[in-house]
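Pulled from Swiss-Prot, these are the features on record:
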type	residues	note
BINDING	D495, D501	Mg(2+) binding site
DOMAIN	561-620	domain 'KH'
DOMAIN	630-700	domain 'S1 motif'
Amino acid sequence: MNQDRETLVFNKITKTFQFGRQTVTLETGEIARQASGSVVVSVDDTVVMVSVVGGKNVKPGQDFFPLTVDYLERTYAAGKIPGGFFKREGKQSEKEVLTSRLIDRPIRPLFPEGFYHDVQIVATVLSLNPEVDSDIPAMIGASAALAISGLPFAGPIGAARVGYANGEYILNPTKTELQTSQMDLVVAGTSRAVLMVESEAKELPEAVMLGAVVFGHEQMQAAIKAINELADEVNPVMFDWAAPAKDEALIAQIRGIAGEKLAEAFRLRQKQARTVAINEAWDAVKAGLINEETDTLKANEIKGIFKSLEAEIVRGQILAGEARIDGRDTRTVRPISIRNNVLPRTHGSALFTRGETQALVVATLGTKQDEQIIDALAGEYTERFMLHYNFPPYSTGEAGRMGPPKRREIGHGRLAKRALVAVLPPEDEFGYSMRVVSEITESNGSSSMASVCGGCLSLLSAGVPLKAHVAGIAMGLILEGNRFAVLTDILGDEDHLGDMDFKVAGTAAGVTALQMDIKIQGITKEIMQVALEQAKEGRLHILGLMKEAVDGPQELSAHAPRLYVMKINPEKIREVIGKGGETIRSITKDTGCEINIEEDGTITIASVSSEGAEAAKKRIEEITVEVEVGKVYEGTVVKILDNNVGAIVSILPGKDGLVHISQIANERIKNVSDYLKEGQVVKVKAIEMDDRGRIRLSIKALLEEEAKTAQATADAFGLKTQ
């Protein structure tokens with residue numbers, strides 16, 4: 001029976017646009033069609049598929065927006081098979097976590113207040129050109145997928161990477177170009193406003209950083225235009241959702257119960273006392289408006305109104321020119337305390353306290369073997385500098401679960417690392433690997449910037465010759481209509497209730513890291529300029545205090561390893577390592593040193609003990625010394641050859657030579673064992689070395705030389721020799 005063959009037809013829509021020197025293609029309608037929105041982004045052989053799914057119903061009792069973003073790298077994208085026993089991708093790498101956050105941050109504030117449906121964004125890297133980072137395509141793809149999903153999303157957004165070299169900005173620099181760039185900045189925003197900035201730089205002026213943000217925002221308009229065209233052509237069915245109407249009567253009730261109490265609470269300068277007073281105000285609201293018959297949705301609505309009232313009061317006080325929550329004006333940095341070398345056995349340590357935020361930061365020096373190996377999709381590499389940030393629950397006076405680092409901890413650690421990388425000494429001047437760990441012991445805002453300050457101080461404590469001191473500060477913003485206030489060194493409450501979180505780190509010469517998250521649209525270039533200049537003022541103040549506490553690098557700790565560098569002939573590396581690593585293991589075990597050997601013959605010996613290092617150096621020198629023909633050596637007979645050909649004599653570690661039977665004595669001998677025994681110490685002369693490195697030794701040659709010397713002496717004195 002014949003059947004007509006059916007052909008599956010895809011409603012495929014494609015948009016292509018020029019993005020600087022790169023051509024970007026957006027495709028939808030062929031892959032992942034059951035998702036709310038799905039877009040495949042292609043940029044010079046880098047291909048990322050991004051899907052968006054919006055939940056149709058809200059979970060009972062849901063009182064927050066449950067957005068999840070996962071960026072996933074598949075090893076097949078780079079033509080690789082995963083390592084390890086299971087041969088499949090496992091938990092997210094640090095790069096995957098950081099890129100997930102990069103996508104999340106500019107998208108989250110564009111969903112409307114009160115929208116509590118589940119939204120999941122999954123970005124999967126399908127193909128990777130090592131020169132084109134997949135993060136910008138993933139961000140553009142997420143924006144495009146949301147734009148065609150029908151979800152209530154106030155986008156689209158665009159994203160761009162900006163480099164800076166020879167006084168010019170570079171749009172979407174390649175991996176190779178970034179190696180010589182003075183800046184690596186990622187900016188995201190809508191057609192009207194910037195929403196997010198993430199960057200590191202090599203001590204660049206504030207004006208250059210601001211110019212990069214503006215340049216990136218201008219250039220990303222090409223992506224926004226293409227996404228809008230794609231959405232128009234797709235013409236998605238809009239999500240059936242409307243913002244809940246405000247209950248003005250309920251708002252008035254809550255204001256009447258808690259308004260004055262909250263206003264008084266936010267005049268209390270100490271965080272814990274303020275928290276108690278806010279909780280008392282909330283208890284009064286609960287007692288008056290919530291009972292056993294109140295359903296969860298109504299309870300959540302009441303709680304939301306209470307939180308909005310908190311924000312309204314704090315923001316109003318600041319814009320009215322009143323003192324901030326802790327009594328400061330808008331430009332003052334909280335009191336700072338610095339203690340260095342606080343831990344006796346660590347290589348370097350510092351306790352940095354700014355108001356109610358405190359970081360105990362520890363630096364550890366290691367060797368080449370301690371470097372972090374990164375098995376990246378674009379290729380394996382190592383990092384000599386690591387910074388890890390820990391945020392335990394006790395830092396905010398809470399009890400909670402301890403476990404592996406969360407996304408926030410990884411992100412904060414990365415920001416602090418970006419801030420310090422620019423001032424690290426080059427490897428050829430300071431051969432150590434370095435690990436900094438920031439333990440946040442108290443937190444009330446800006447703990448990542450405390451980690452920058454403490455990290456710098458701990459590295460100086462460890463003796464690391466930094467190019468300059470680095471300090472960091474977090475800025476905030478309150479914006480209502482045409483009125484705004486930029487806040488220096490924000491508290492945790494000011495971060496939650498404000499419109500911007502703007503973190504700047506750098507030296508006295510310029511910016512080394514900048515991170516900005518904006519929760520509203522309408523932040524102008526002028527506001528960003530004011531924030532940057534005010535941040536510089538605060539940063540210079542902190543740098544002055546840091547320099548007073550620790551002027552420069554201190555001496556290496558007695559507990560830190562010392563590095564000794566020597567050079568050998570690269571052809572001798574095999575001899576130092578030995579068969580199966582036997583020789584090098586023996587040296588490290590006997591001397592207690594760590595030894596690293598480079599391909600060019602550079603050997604680095606790391607040891608806390610100078611005696612151990614000298615012993616290791618001597619062993620290596622003995623192994624690598626060249627045998628000289630004509631030179632006399634004292635050696636040990638290690639073997640009498642079975643065929644009576646001669647004996648093997650060890651003259652240097654790893655250097656054996658043959659004494660042929662004819663080279664043992666002047667007279668003809670029948671048995672080698674009549675003259676030599678294993679373990680016997682003899683003097684030999686190196687008489688020949690062939691092209692394979694085999695050494696021929698002679699005892700006879702020395703006997704002949706001794707005879708000639710004796711004859712010459714006798715002749716000089718007129719004596720007869722027998």
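In case you wondered, yes, glycine gets a Cβ from its N, Cα and C as well.
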Give, as a single whole number between 0 and 100, the mean pLDDT over the domain 'S1 motif' (630-700).
88
Please list, for the domain 'KH' (561-620), how many residues fall into helix, strand and coil according to DSSP.
32 helix, 16 strand, 12 coil
If H, G and I count as helix, E and B as strand, and all else as coil, what does DSSP give for D501 (Mg(2+) binding site)?
strand
